[in-house]
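Have a look at the structure below before the remarks.
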Amino acid sequence: GASGLAGALSPAGAQPAGTPLLLDVGRTVALGGDALSHGPGLDCWEVRKQNSSEWCRFIRSNPDCQMDGGFLDYLNGVFCVFPPRLLPLAVTLYALWLLYLFVILGVTAEKFFCPNLSAISTNLKLSHNVAAFSLTFLLHGVTFLAFGNGAPDVFSAVVAFSDPRTAGLAIGAIFGAGVFVTTVVAGGIALVKPFTAASRPFLRDVIFYMLAVFLTFMVLYFGRIRLGEALGYLGLYVFYVVTVVLCTWIHRRQRGDGPAPPGPWEPEMPTDSEEPEPSGTNSSDYGEEYRPLLPSQETSLRILATALSPLDYRKWRRKPWYWRLFKALRVPVELVLLLTVPVVDPDKDDLNWKRPLNCLHILTSPLLCILTLKSGTYGLYQIQGVFPVWGLVTLVGSVLAIIIFITTSNEEPPKYHCVFAFLGFLASAMWINAAATELVNILRTLGIIFQLSNTVLGLTLLAWGNSIGDTFSDLTMARQGYPRMAFSACFGGIIFNILVGVGLGCLLQMSSSQPLVKLEPDSLLVWVLAGALGLSLVFSFVSVPAQCFQLGKAYGICLIAYYLVFLCVALLTEFRVIHLSTS
């Protein structure tokens with residue numbers, strides 16, 4: 001439940017009961033009671049000011065430098081394992097690992113998380129009435145697909161909010177990604193393919209997003225978020241979903257259209273049928289396009305070997321070198337994910353049923369979940385001090401796998417095959433959570449090394465990394481002739497990220513004795529970021545209707561120029577070139 005996840009994501013150093021959790025979104029941090037003080041020797045940012053021979057001792061003796069989650073201690077690695085003269089090498093390795101973590105997040109969300117979410121939503125369609133199906137299809141687009149596409153952003157925000165020292169990453173990433181998507185991505189779409197925007201969906205999405213930004217601005221201004229305000233974030237998203245469904249239903253009734261479900265590639269109709277985003281369910285990477293014409297009986301061992309192959313050699317030969325290079329980087333990740341995460345595909349005749357591999361998933365998926373939950377703390381726990389939890393999970397999983405293997409066949413999936421979609425959803429979510437935890441920890445480490453605030457790391461590296469996949473997919477969609485669908489995705493997706501990311505991230509840190517999270521923006525950069533996002537939304541809200549929703553290259557150039565100016569101002573603010581006078 002929520003309390004379990006909150007416990008798994010909460011910092012190890014608990015505060016006294018009733019003390020509000022203080023999340024500092026600037027550079028320094030304090031924990032409600034006396035856990036940390038503002039003394040010059042206790043702030044981890046001071047490590048680079050020490051003599052290089054004292055770095056390791058400072059890191060190991062300072063409680064503010066301890067990593068509360070994750071599998072790797074990055075601060076200890078860079079300041080203790082590597083000698084000071086090899087600091088550039090350590091930073092280079094960390095930067096490469098950071099890029100690979102973004103690859104892990106993207107592959108997991110695209111190939112495993114989104115397809116399982118799609119399968120779950122398909123299985124939850126209980127009504128066969130055509131009109132009900134139409135609304136369910138739309139609801140699927142603004143809930144399940146939004147969750148699937150925004151999973152890396154939301155998980156990163158939840159993990160960042162779980163530690164007061166990294167809360168600035170969450171604020172920076174959510175606002176930074178908002179500015180990036182609504183300016184660079186939206187402007188790029190207008191440059192690639194000038195088009196006429198859908199008026200009502202655009203105005204609705206911008207208004208809701210401005211409400212979300214205003215709510216966050218007020219939370220930062222008052223310096224705290226209460227239980228009602230955290231629930232208000234989630235409630236506003238529910239209201240947004242209901243508004244989308246009702247507006248679409250009313251618009252179709254006014255047009256007198258039949259209740260047929262909207263096709264995912266109908267961009268030229270100015271309705272919400274443009275808005276469902278691609279779910280990323282693409283199984284062609286694993287050789288389905290070369291399926292033999294006549295089915296043949298395959299042995300279980302051959303089915304297992306084929307299912308575990310993430311590489312199609314015929315596709316490999318006809319692809320360019322850069323695709324091969326990127327694919328070679330993805331192969332290890334895809335192989336591990338194929339071993340641990342089942343995928344149910346409702347579009348296939350066999351629902352992607354692979355009996356030997358799915359039976360193996362009965363063992364590997366629960367084992368993965370228990371070993372990644374709170375960085376393996378629960379998995380390594382000894383029952384009665386004798387038997388580890390991971391051993392019990394292995395024993396039970398092995399028995400169930402053998403029973404399923406004996407009672408099923410290779411040709412036909414069992415009636416309970418939909419359960420594997422829920423198992424795959426949980427396993428892929430744990431993978432994303434583990435990768436997001438490592439991502440937040442390594443960004444905090446880089447911030448300490450380069451003396452950068454969490455906010456600027458969030459609005460640059462974390463925001464760019466989480467947005468790069470959406471950027472390429474939206475621009476590709478625009479080049480293929482569907483700019484309005486891509487433009488709608490720019491504003492629809494980030495509404496989910498800010499409302500659920502902030503709402504859920506803060507809600508999971510609250511408890512019955514601590515129904516309050518304090519946010520203290522000690523840096524001017526936080527206000528620059530919030531103001532820039534609000535100003536960009538106001539600019540689009542005014543300029544798009546003024547152009548009669550005809551968006552061309554001038555609009556795109558203005559948006560991209562706006563982002564470059566914002567980035568310059570943000571960096572100048574971070575390095576104290578722009579600052580408030582204290583006279």
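Here the Cβ of each residue, glycine as well, is placed from N, Cα and C on the backbone.
If you look up TrEMBL, you'll see 86-109 (among others) marked as transmembrane segment. Under 8 Å from some Cβ of the transmembrane segment (86-109) lie the Cβ atoms of residues 74, 77-78, 148-149, 151-152, 280, 329-330, 333-334, 337, 341, 428, 431-432, 435-436, 438-439, 442-443, 445-446, 449, 461, 465-466, 468-469, all in the same chain and six or more residues away from its ends.
Per TrEMBL, the feature domain 'Sodium/calcium exchanger membrane region' maps to 95-245 (among others).
Here TrEMBL flags 130-147 (among others) as transmembrane segment.
The annotation transmembrane segment is assigned in TrEMBL to 167-194 (among others).
Look at TrEMBL and you will find 206-224 (among others) tagged as transmembrane segment.
Here TrEMBL flags 230-250 (among others) as transmembrane segment.
Sequence annotations record features per position, and here TrEMBL assigns region 'Disordered' to 255-288.
Taken from TrEMBL, the feature transmembrane segment covers 321-344 (among others).
Marked as transmembrane segment by TrEMBL: 387-406 (among others). Tertiary proximity for the transmembrane segment (387-406) is limited to same-chain residues at least six positions away from its ends with a CB under 8 Å from its CB atoms, namely 355-356, 358-360, 362-364, 366-367, 370-371, 378-381, 414.
Here TrEMBL flags 418-436 (among others) as transmembrane segment.
Per TrEMBL, the feature domain 'Sodium/calcium exchanger membrane region' maps to 421-571 (among others).
Positions annotated as transmembrane segment by TrEMBL: 485-504 (among others).
According to TrEMBL, the feature transmembrane segment maps to 524-542 (among others).
Non-local neighbours of the transmembrane segment (554-573) in the same chain are 179-180, 182-184, 186-191, 456, 459-460, 523-525, 528-529, 532, 536, 539-540, 543-544, 547, 579; each lies 6+ residues outside the stretch with a CB under 8 Å from one of its CB atoms. The transmembrane segment annotation in TrEMBL covers 554-573 (among others).
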Contact set, same chain, for the transmembrane segment (321-344): CB under 8 Å, 6 or more residues outside the stretch: 100, 103-104, 107-108, 111-112, 115-116, 119, 307-308, 310-311, 351-352, 357-358, 360-361, 364-365, 368, 417-418, 420-421, 423-424, 427-428, 431
Cβ contacts under 8 Å made by the transmembrane segment (167-194) with residues that lie 6+ beyond its boundaries: 23-27, 153, 156-157, 160-161, 209, 213, 216, 220, 440, 443-444, 453-460, 462-464, 466-467, 470-471, 474-475, 478-479, 481, 483, 486-487, 490-491, 493-494, 497-498, 501-502, 505, 519, 521, 523, 526, 529-530, 532-533, 536-537, 540, 550-553, 555-560, 562-563, 566
The transmembrane segment (524-542) in contact with the transmembrane segment (418-436), cutoff 8 A, at least 3 CB pairs, sep 6+: no
